[in-house]
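S.K.: Below you will find the structure I want to go over with you.
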2 protein chains.
Amino acid sequence: MEELLGLREGSSGKPVTLQELWGPCPRIRRGIRRGLEWLKERLFRVGEDWYFLMALGVLMALISYAMNFAIGRVVRAHKWLYTEVGDGHLLRFLSWTVYPVALLSFSSGFSQSITPFSGGSGLPELKTMLSGVVLEDYLDIKNFGAKVVGLSCTLATGSTIFLGKVGPFVHLSVMIAAYLGRVRTKTMGESENKAKEIEMLAAAAAVGVATVFAAPFSGVLFSIEVMSSHFSVWNYWRGFFAATCGAFMFRLLAVFNSEQETITSIYKTRFRVDVPFDLPEIFFFVALGAICGVLSCAYLFCQRNFLRFIKTNRYTSKLLATSKPLYAALAALILASITYPPGVGRFMASRLSMAEHLRSLFDNNSWALMTRNSSPPWPAEPDPQNLWYEWYHPRFTIFGTLAFFLVMKFWMLILATTIPMPAGYFMPIFIIGAAIGRLLGEALSVAFPEGIVAGGEVNPIMPGGYALAGAAAFSGAVTHTISTALLAFELTGQIVHALPVLMAVLAANVISQNCQPSFYDGTIMAKKLPYLPWIRGRKIGSYPVTVEHFMNGTLTTLAKDMPLEEVIKAVTSTDVAQFPLVETKESQTLVGIVERTHLVQALQTEPASWAPGQQRFLQDILAGGCPTQPVTLQLSPETSLYQTHSLFELLTLQTLFVTSRGRAVGSVSWIELKKAISTLINPPAPK
Amino acid sequence: MEELLGLREGSSGKPVTLQELWGPCPRIRRGIRRGLEWLKERLFRVGEDWYFLMALGVLMALISYAMNFAIGRVVRAHKWLYTEVGDGHLLRFLSWTVYPVALLSFSSGFSQSITPFSGGSGLPELKTMLSGVVLEDYLDIKNFGAKVVGLSCTLATGSTIFLGKVGPFVHLSVMIAAYLGRVRTKTMGESENKAKEIEMLAAAAAVGVATVFAAPFSGVLFSIEVMSSHFSVWNYWRGFFAATCGAFMFRLLAVFNSEQETITSIYKTRFRVDVPFDLPEIFFFVALGAICGVLSCAYLFCQRNFLRFIKTNRYTSKLLATSKPLYAALAALILASITYPPGVGRFMASRLSMAEHLRSLFDNNSWALMTRNSSPPWPAEPDPQNLWYEWYHPRFTIFGTLAFFLVMKFWMLILATTIPMPAGYFMPIFIIGAAIGRLLGEALSVAFPEGIVAGGEVNPIMPGGYALAGAAAFSGAVTHTISTALLAFELTGQIVHALPVLMAVLAANVISQNCQPSFYDGTIMAKKLPYLPWIRGRKIGSYPVTVEHFMNGTLTTLAKDMPLEEVIKAVTSTDVAQFPLVETKESQTLVGIVERTHLVQALQTEPASWAPGQQRFLQDILAGGCPTQPVTLQLSPETSLYQTHSLFELLTLQTLFVTSRGRAVGSVSWIELKKAISTLINPPAPK
């Protein structure tokens, strides 16, 4: 600019001000001003929702990072204590076990004392909520503190208790979104809107997953697969935006804190890129998927039944009802004793943290081949460069330790899931899957020590690839999702095993989806939360079944010409939340909906003005101010079950009234739908 | 087994047969038999749909591979001709241009003579079809041959005409799915079912994308984003299964044909993994996204207007109407002349094929830094090891060639899209995006030659990463999708740039979605296909608008007690396809729907039996066998626009009747909805 001004000065002889320079071009100036105004308006119009989502992502990333940071400190303190306490076995054992016992009983006691909703992962409840059911107080912000503190304590126990943070983080994220939404509604003076609220919550769920794994793609897809059965592309974009903001912020903090040099994936792997696997290996990948599918069925079955056993058994149910911290402490004591490193823990690499477990299992070398001739040492502390030393035992070999790890963690995880405290169950399942894959991979690398001959070079089989596929397949089978394959790639920063991993996940899903409900569905059933089953396969006779076959035909309608006594009788005889309002008792023409609460309120205020002897009708009450709602959607007796199901799922409905030629003839709610679908799936046995 | 038998023999003294061995365990035998039967039944129950999807995937992979193989041969023949024809410029020019001119005019003439639907990518039409509109004959199998042959010819012109195959492949895949579906319906005797059919077509679309790029994840997501606005998780799983089968088969064939050593991604990159980019570079990635967004708007704008110009201009419209092959030949001549390598083509790397363009642009070295001190040679033929030599010109430098390439390809692609022949437009857009990114990346590598200092090592900036981000962002902006980011990773087999690429794609999408309709929506508008606009942002006043504000209130109802003369008058006065049937003229209670075709048929057969003087009513006709349909779903005047929109989108509806207290008061179809939404978006100016 200076140069330009100088040039001007030289040619005309006197200095030119900026005003003069631009003065002659009023059109350009106006154009620029208009452009800026347009931009401003556009930014604010697009605004709101996007700003909201960005704030949500950034906030969750901060929380996730801060929690990781705090947990890291506590874990380091535990490690320090354990190493500094001396060589006496009793002291070491105590220092190893007391820590998790104290943390877990505090976590359980603290969170349960604040809110009973804080236990478990929270995903099953969220799934129910996103389908439209209102669970009172579940998203209250006061649960937030309980969940954060409880989860931090749970995670600070490290690999002893072996639990993760995905589920609770999704819950936290949704809680914050609901809170921010309420704040926005209040400050902006917007009217509340349930549909929009649910959309925001769906995006928040994606943020939760994305800020834990720094994986926006799989965050969005995983949350969709777990939470919903239908979704709109618009929601998916929102989810992407929020998840990207969250994941970026989360990794940015790691860079700022000098943990990382740049933004990368969390569990970086170093798989060979040129020939990562040979073609025949695809068969083993699919077989691994099938194995994971079968094992996931076994896990889901055992888990559900053990949970039922704990709840029905006299001693445990009493213990759980009266003193949850004690139960948590006892369970923690069992788990911690088993993982005591100089004891049984020696055979299950229990000195590693969960992240180190995963990192070591994804190692690209074959341990079996490396330990054939020389046995690695068992260092005093895990060697960060050779984490896999922990998996080796001179007598057991790595096969023994891996198998032992799997067998023990299998029931230990089931035990851990029964402790009532905030905890996620995805990560342990992911690690167990990785161990399954590693075991198969190591076996293959021993079975085919000559490896893959390609292009004149000999490449050994990489068990790490199998660990990756196993992790994705097992976690996918347990949760009934496919996006775990993508998660595996985003976590490791490599996508060379794209097709084999995807095929393993599909194989695992085929088996588990056919045999067992998913982890979340199983929990929903165990907790008796309302849910709408799927019409699987869409062909088991769902098309010919229509509403008239399964609707609730005994409807308590309120006619406008009903005397008040009859209205009161009708209201007291049932406990439904909504009454269909019809024109007259004879015509039964549906004209609106009356909320029970409104009607009761109106009835209670009414009696004062009653003139004795004078007959009063419902229409007087309605005219007196009792609000009615219009019927926006009505079914016909001929609507198919499939269509009704889609409507309920998409529009997150609770109840719909059925009209035939204008007459209210019945109602359909979740309960009827569920019954109809379960009849379809398990037709009643002929008597 | 032998050993076991031997042991038995030894202990009892005489040989034991298998029968005897298993004889004593009838329970186990029965158990095994039952297990096998259960498995068999289960496989067949799951069956059908899955087998169908697998067959579809494998078939499409075979077609895709066969087509690639044939095209490869034709291209090689062209190359041979061009190199063998001698040094005379005229002969070389002719050999360069005649080939594409002949191929293109044949492609255009052949495919257009068989079916007028074969032009373009087919995606816009499919989008319309998947939303429930019936486009007659569009999925007829006879179009298949035309599209395959035409597309092969188009692609055989290579980078001269610069077109891809994604769109047509999706169309082909959907055609095959529709055909297989019809065959299945006939052989299995199933009743036709529109909802299920559409589900299958959606899965087929995913297969189309997946078999072109061998990218199952992005295949599914891209097809969802482009085709639908709502989708069910069940459909997404189907899509994954079919796409995985297709992608696996496609890559398997490459291995069998010894092109590849194992299953890998198509455009493998070799980006540095440790520090792929430095943190501040994120800013440039987002800026690149914004640039791509702006350029995509410019492209979409020019493309739409040029298409309109071609259609309205006197000469071109006449040419297109009468002799399409001539138009194609002329356009091909222009495009081929410009790309003639010793001429202008020298400055735009026109000797490379499209795959080589992409491979060279994703190169991980900085060309600008490599050519600072030494200039690479211009070999007689592109050097497969150093494809990027083609991008270098001693006087222009690589910046000049890249910029020139962009400017020229910009309008050349627009010209190419006007040629009526089967062709995909995704791939060229992807490559142009890569060139944009490469240009910025090279500029940055020159601006910051010291690169990234991390961990004591100096790493230069990788322009290839920018090319990747540019490709994803530009193609994402033009098509309004986010999954192009995932596609970029699946294509290159590396995911190290996960976050920056995703952020670039998001930035590009924010700009383009706010300013221009997507490529496909633009084409839908230009072709005047029916479509339902989105309610963007869900907040521009869509909630308070209800059906009564925009429904079509002038309804021609047919009452059961109508005399036949009146019925005939009503039928002849309008041309709607469905009439609402009401009980009586006074009550107007909706009881069913009569199809126009059925009614006309019934009316035409009726007169024979008419007794003169006897008044006949509609109910007689209905009793005489004219079929009516039940009303499965009805709107109320109070239903909100948003809810109606969701219903239409999810259930792929055409028309719904509006009833108030049972009376038919109006109807809502796409036309009304579209009008209502456009009024929302562009409120009428106050007069």
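Glycine is treated like the rest: Cβ placed from N, Cα and C.
According to TrEMBL:
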{"type": "DOMAIN", "residues": "B:551-609", "note": "domain 'CBS'"}
{"type": "TRANSMEM", "residues": "B:50-72", "note": "transmembrane segment"}
{"type": "TRANSMEM", "residues": "B:93-114", "note": "transmembrane segment"}
{"type": "TRANSMEM", "residues": "B:161-180", "note": "transmembrane segment"}
{"type": "TRANSMEM", "residues": "B:201-224", "note": "transmembrane segment"}
{"type": "TRANSMEM", "residues": "B:236-256", "note": "transmembrane segment"}
{"type": "TRANSMEM", "residues": "B:277-301", "note": "transmembrane segment"}
{"type": "TRANSMEM", "residues": "B:326-349", "note": "transmembrane segment"}
{"type": "TRANSMEM", "residues": "B:396-419", "note": "transmembrane segment"}
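Thinking about packing and proximity, how do these listed features fit into the structure?
M.R.: Broken down by DSSP into helix, strand and coil, the domain 'CBS' (B:551-609) contains 23 helix, 16 strand, 20 coil.
Through the fold, the transmembrane segment (B:50-72) approaches residues 148, 151-152, 155-156, 165, 169, 172-173, 176-177, 180-181, 184, 200, 203-204, 207-208, 210-212, 238, 241-250, 252-254, 257 of its own chain, all at least 6 residues removed from its boundaries and within a Cβ separation under 8 Å.
Long-range contacts of the transmembrane segment (B:93-114) within the same chain, counting only residues at least 6 positions beyond its ends with a Cβ under 8 Å from a Cβ of the stretch, are 78, 81-82, 85, 142-143, 145-147, 149-151, 153-154, 156-158, 160-161, 324-329, 331-333, 335-337, 339-341, 343, 419-422.
Distant neighbours of the transmembrane segment (B:277-301): 410, 414, 429, 433, 436-437, 440, 444, 452, 454, 461-462, 465-466, 469-470, 473-474, 477-478, 497, 499-501, 503-512, 515-519, 522; these residues of the same chain sit at least 6 beyond its ends, with a Cβ under 8 Å from one of its Cβ atoms.
A Cβ distance under 8 Å defines the sequence-distant neighbours of the transmembrane segment (B:326-349), meaning residues of its chain 6+ beyond its ends; these are 89, 92-93, 96-97, 99-101, 103-105, 107-109, 157, 159-162, 316, 319-320, 357, 360, 378, 390-391, 393, 396, 400-401, 404-405, 408-409, 412, 415-416, 418-421.
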S.K.: Which range wins on Cβ pairs under 8 Å with the transmembrane segment (B:201-224): B:161-180, B:236-256, B:396-419?
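M.R.: Result: B:236-256.
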S.K.: Cβ under 8 Å to the transmembrane segment (B:161-180), counting only same-chain residues 6 or more beyond its ends: which ones?
M.R.: 52, 55-56, 59-60, 63-64, 67, 100, 104, 120-123, 125-126, 139-141, 143-144, 147-148, 151, 154-155, 197, 200-201, 203-205, 207-209, 211-213, 223, 332, 335-336, 354, 409, 412-413, 416, 422-428, 430-431
S.K.: Against which stretches of its own chain does the transmembrane segment (B:396-419) lie, if we need a Cβ under 8 Å and a gap of at least six residues from its ends?
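M.R.: Residues 104, 108, 120, 161-163, 299, 302-303, 306-307, 310, 327-328, 331-332, 334-335, 338, 344, 347-349, 367-368, 371, 388, 425, 428-429, 431-432, 435-436, 438-439, 442-443.
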S.K.: With a Cβ cut-off under 8 Å, give me the same-chain residues at least six positions beyond the ends of the transmembrane segment (B:236-256) that come close to it.
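M.R.: Residues 49-50, 53-54, 56-58, 60-62, 64-65, 199-200, 202-207, 209-211, 213-217, 219-220, 223-224, 262-264 contact the transmembrane segment (B:236-256) from elsewhere in the chain.
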S.K.: If I take every residue in the domain 'CBS' (B:551-609) and average their pLDDT values, what number comes out?
M.R.: 82
